[in-house]
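A short write-up of the structure that comes next.
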């Protein structure tokens, strides 16, 4: 039998659970065949295309399956890390979440549908004759055809919608497609196209891809989580939609971000799709255009704040742990500053939480800076940093840089922070502004006369590194870049804001205005630039380098908390993956074509740090963590169905 929820089938060929992790005993049915006898709503035999197995949530019936140990021999997918967690055992299951399918229903199930790749034998066994054209194709040809179809579309959003359709129709080719063409498709499923997709998410939504939890569900979140068909969740990406990329408050339509992030957790980090859960917390929106849009799919009210917001989130966090256990990773995504820092601080000591905007961005930027030192020389502590933007991304990056400098030199953190300057909308952050500063900006206030604009700040501070995280496009003007180039032989310029329209400057501007001397990286991808007969390939400081491998490392070690040293370990692991060949091209990040290998190395470093810090629970520690991480990664290959 196999199940639509991906957690109750017993056919080893379908399990998607890695042989690298020990399976615990669980309930299963005797016999690994697909059940084809059906019962309709009248209790009479129905057609044989679908059969629904109903499990009584109150008590087991006399005909319930017997317990038996199931051993998987299949590679692919990080296995069930919650088998030992009582919090995930004996949970009541909504009666309609367990079902088995064949025939037409099988073709409509993205987890098990193989389309034209069903063999002749499978078509006979699973009542597919006549439902498919007669040709049988292999997986590779299927993926090749899908990629050929994608390339027919010139508009990125059309490609995004097509990718969404593929994912909802046939899961394995979707991930195979993304893995094999990661450099071409990453800008489609992630930044910058995902920003446009979020703007129009209500119009392009085909079928639910995650859970929407709104204020209407207050008091019932535990039951809402049970409506999701998968029981063994390892990673949750959650947003409240208030600060989507550089686009602002998109409310409920921010769901595109968790969906996109979790696609990358699977494709780049090897987390099995059934272990990933996208969630949007809908507390309203302050976006007037959405509130007045008759087609808006979210709550039509202004954002809840204060106690109402806090109570909803407390209930959500408690329900997640109750349903999925202590070791489920909860990634906060695109929360506004006033919530992002508070949520991370509040739940960091009680849950396994990670904020990609604060911590993931910081880790990937630090890795780029470590690599850039190979081109400019010196150590981190010998450089001076100036940030345009002092929000969650900017202050997160700054704090991790200061931590790494402190680690390398032994200098107290309070001193290393003095090498880092920040400019917000009111000017340079200095001590004279201390009383009016938000709490997360205060560590970056230093002794200096007030400076209102970026050009004069650059001329006064004379930074060797200029980092933009402001969300304001074209703020690294020609005058700013030229000023950087006057006192730096190789100025390091990071224009990190997303999407492309919000980037502080383009790659072409950075290289031309610095006379080809800049070391440039951006948040959104830019094509190679030709200047004075030389080709410059700019790097992308993309969080996708970090968070998939970081999450995998937490899972394979059974980590229960995130520690700053894990972020430093991830940065070091990424910087080590930049080759001499990459440096010769001016790149400070490795190519995405090697991302699965990169993720495995990051996972190994993060897991090693978890063991070192005593935060790992999966014991004993594997002898070779890189090989272990690779063996645990999901691989979207078709399996033979009986």
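One-based numbering along the chain as shown.
Yeah, the Cβs are placed from backbone N, Cα and C, and that goes for glycine too.
Automatic prediction, not curation, is the source of TrEMBL annotations.
Features as listed in TrEMBL:
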type	residues	note
ACT_SITE	190	active site, proton donor
ACT_SITE	261	active site, proton acceptor
BINDING	243, 498, 542	(S)-malate binding site
BINDING	333, 334, 357	divalent metal cation binding site
DOMAIN	167-348	domain 'Malic enzyme N-terminal'
DOMAIN	358-611	domain 'Malic enzyme NAD-binding'
Recorded positions near the residue listed as 'active site, proton acceptor' (Cα-Cα within 10 Å), from 190, 243, 333, 334, 498, 542
190, 333
Using the CB centroid of 333, 334, 357 as the divalent metal cation site centre, which other residues of the same chain sit with their CB within 8 A?
239, 243, 244, 257, 332, 335, 340, 355, 356
Around the Cβ of the residue listed as 'active site, proton acceptor', other Cβ atoms within 10 Å, all chains included, total 27
For the (S)-malate binding site, please report the maximum Cα-Cα distance among 243, 498, 542 in Å.
18
Please report how many Å separate the Cα atom of residue 243 ((S)-malate binding site) from that of residue 334 (divalent metal cation binding site), as a whole number.
5
Return the member of 190, 333, 334 nearest to residue 542 ((S)-malate binding site) in space, with distance defined Cα to Cα and candidates limited to these recorded positions.
190
To see if you understand the setup: which same-chain residues, six or more apart in sequence, place their Cβ under 8 Å from that of residue 334 (divalent metal cation binding site)?
239, 240, 241, 242, 243, 244, 245, 254, 257, 357
I'd like to know which of these binding-site residues, 333, 498, is least surrounded, judged by other CB atoms within 10 A.
498
Pairwise CA distance, residue 333 (divalent metal cation binding site) versus residue 498 ((S)-malate binding site), rounded so that it is a whole Å:
14
